[in-house]
Amino acid sequence: MILAKRLKNLPVGRKLLAALLVMMIAVLVVANVTFISAAYWISQESVAPQALQTLGRLFASPVLSGEVLASPQAAQAQLRQLDGYAPLRLAVVYDSQGQRLAELHNGDRLKVPERFEELQTWRLREFRTNLLVELPHPGSPPGHLLLVASSELPGAFYRGTLTASLAILTFSILLWLVVARQIKRLITLPIRELEELSRQVTREENYSLRASKGSEDELGRLAESFNTMLGRIQGREQQLKRARDDAQYAVLQAQSLAEETRRSNRKLELEVQVRGKIEKKLTGFQNYLNSIIDSMPSALIAVDEQFYVTQWNQEATHLSGTQLDEALNQPVFLAFPSLKPFLPQLSRTAELLRVEKVERVTWALTDTPRHYTLTFYPLMGGAGRGVVIRIDDITQRLNMEEMMVQSEKMLSVGGLAAGMAHEINNPLGAILHNVQNIRRRLSPELPKNLEQAAESGVELKAVNCYLESRQIPRLLDGIHQAGSRAAKIVSHMLAFSRRSNRKMEASELPPLIDQAIEIAGNDFDLAEGFDFRTLSIVREFDPALGPVPVIANELEQVLLNLLKNAAQAIHLREDEEEGEYGRITLRTRLRGGWAEIQVEDNGIGIPEDICKRIFEPFFTTKEVGQGTGLGLSVSYFIITNNHKGQMEVHSTPGVGTCFTLRLPLVQADFDAV
């Protein structure tokens with residue numbers, strides 16, 4: 001960068017001389033490089049191969065080859081004769097067994113393979129001109145001679161080239177000096193005279209000076225144009241002096257007026273800047289406050305002393321259906337009609353400056369009634385008094401409180417049921433045991449029975465005939481079956497109510513499904529007033545599906561919820577269409593790395609809008625007291641969170657519903673469950 005700047009600032013004559021010198025040196029360098037490259041190419045492509053072929057033919061003669069292969073000393077002696085031969089870089093002799101016999105290096109020593117078998121790889125790796133010659137050896141396999149050409153030109157060639165280049169350079173420099181003298185006389189000196197004249201005119205401001213015209217070339221025409229320019233400048237200078245005197249007075253007047261205007265504009269500019277900054281800060285702060293108010297989950301409404309709306313956030317718009325621009329500067333009871341019954345609380349807050357609160361209000365603003373808490377705060381400030389109304393949705397909190405109460409009840413009922421189950425087991429055991437004893441004591445196969453019957457004067461066979469005629473054995477069978485079923489129900493109640501250890505274990509799905517079906521049947525027998533066993537239960541279990549890692553109690557709870565919902569849907573359909581065949585189909589499938597469980601019914605179905613919300617907590621379509629809206633939500637949580645699986649629902653109203661559970665066959669990290 002510095003060199004380019006210095007070259008740019010050189011005089012024209014020196015620039016021409018420098019360009020001429022650079023061109024001469026460049027031509028000389030290019031010529032030498034071209035000559036040396038051509039000589040090297042000719043040497044490698046023609047001279048060196050011919051020299052190697054000549055040596056190869058010489059050593060391949062039977063007489064010389066036999067002498068070379070006679071011994072390592074003889075081979076080394078023959079190769080030593082080639083020492084100093086310029087075209088040769090390396091010569092290696094291999095005997096009939098492929099062993100290296102002798103070698104000769106001209107220059108730096110090259111590493112060559114010991115064995116002839118490795119020579120081919122070495123030749124491919126070394127990018128050198130080489131020749132492999134076969135040396136005949138009567139009575140034995142032939143030997144081989146490797147000749148490698150030198151990649152360097154002779155030193156005499158470089159010396160001759162250097163001498164010629166120096167001679168040409170000397171002649172070029174002498175020629176350059178002659179040309180430089182002529183350039184200085186014809187170009188540099190006239191330009192310097194013109195430059196000196198321009199400096200004198202600038203220094204003295206004397207436009208009457210003129211340049212001398214030495215020739216009719218470009219420099220002569222330049223001097224003539226320079227003289228013409230000086231004449232025109234001299235005339236304009238005289239005109240400017242007159243105009244300068246005329247404008248001097250006007251300038252002085254304009255300066256005073258401009259200074260006064262500048263001071264006024266500066267003051268006005270400062271005022272505008274201050275006002276703009278203040279407005280920008282106020283706008284930003286107002287937007288910030290509005291964002292905070294609109295982000296709150298509560299509805300916030302501010303009114304003045306006449307109860308006209310002054311502030312209205314997005315939640316207030318959502319509850320009332322009135323937009324912000326429609327609500328502002330309107331009476332609050334017109335913007336939000338549901339607040340009209342609370343005029344007394346609003347008035348007391350504005351008059352007494354105290355907080356008023358309405359704990360629970362139920363509004364059916366949408367299809368589902370929701371519960372709210374209303375709080376009225378007094379507002380005092382520089383803009384006057386008013387009231388702030390805050391409306392909080394407490395529906396979820398109330399539902400949670402009800403669920404907590406219900407959970408406590410269920411815990412109590414569960415404990416009571418467990419205690420009752422233990423108490424029921426004792427008489428059930430006695431009943432079953434006594435039925436078995438009655439059968440044994442009526443059996444004619446026991447000698448003790450025959451002995452006691454004979455002592456009593458009764459024939460045991462006649463007694464059994466009487467009992468058969470009165471169907472006593474059948475009644476005993478009924479007692480035994482009913483007792484066994486009751487014992488099984490009690491066992492299932494104890495197993496289902498027992499707290500799960502939440503341990504993921506590989507379990508077979510069919511037994512879990514069967515147990516859930518049996519518990520569901522017992523539950524509906526008692527609670528719904530119809531027999532679950534009247535429904536057709538279709539089992540389609542995939543035999544290829546093996547054990548699946550699950551939490552057994554939790555999966556049983558999910559299946560029980562789905563079976564109860566399916567039975568209720570079928571029951572509702574049977575109420576509408578008498579004689580409709582009720583069917584619940586349970587399927588298991590192996591789908592890739594997932595175990596799939598389907599619970600399908602032909603009940604009333606679920607509308608599409610309800611399907612979208614069916615897994616939401618506390619969402620239910622059942623009547624009050626029949627459901628909490630948590631069954632499917634808890635089931636969804638158990639499958640997706642505890643089992644890392646998937647849960648889907650597909651339903652067609654009037655046709656039926658199908659719930660699909662997908663459980664991973666490879667157990668993931670369930671430590672957080």
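Backbone N, Cα and C define each Cβ position, glycine as well.
Taken from TrEMBL, the feature domain 'HAMP' applies to 185-238.
Under the heading domain 'PAS', TrEMBL lists 285-336. When DSSP labels each residue, the domain 'PAS' (285-336) comes out as 26 helix, 12 strand, 14 coil, counted as helix, strand and coil in that order.
In the predicted model, the domain 'Histidine kinase' (419-667) has a mean pLDDT of 79. What TrEMBL records for 419-667 is domain 'Histidine kinase'.
What TrEMBL lists as transmembrane segment is 16-42 (among others).
Positions annotated as transmembrane segment by TrEMBL: 156-179 (among others). Sequence-distant contacts of the transmembrane segment (156-179) (same chain, six or more residues past either end, CB-CB distance under 8 Å): 17, 20-21, 24-25, 28, 32, 35-36, 39.
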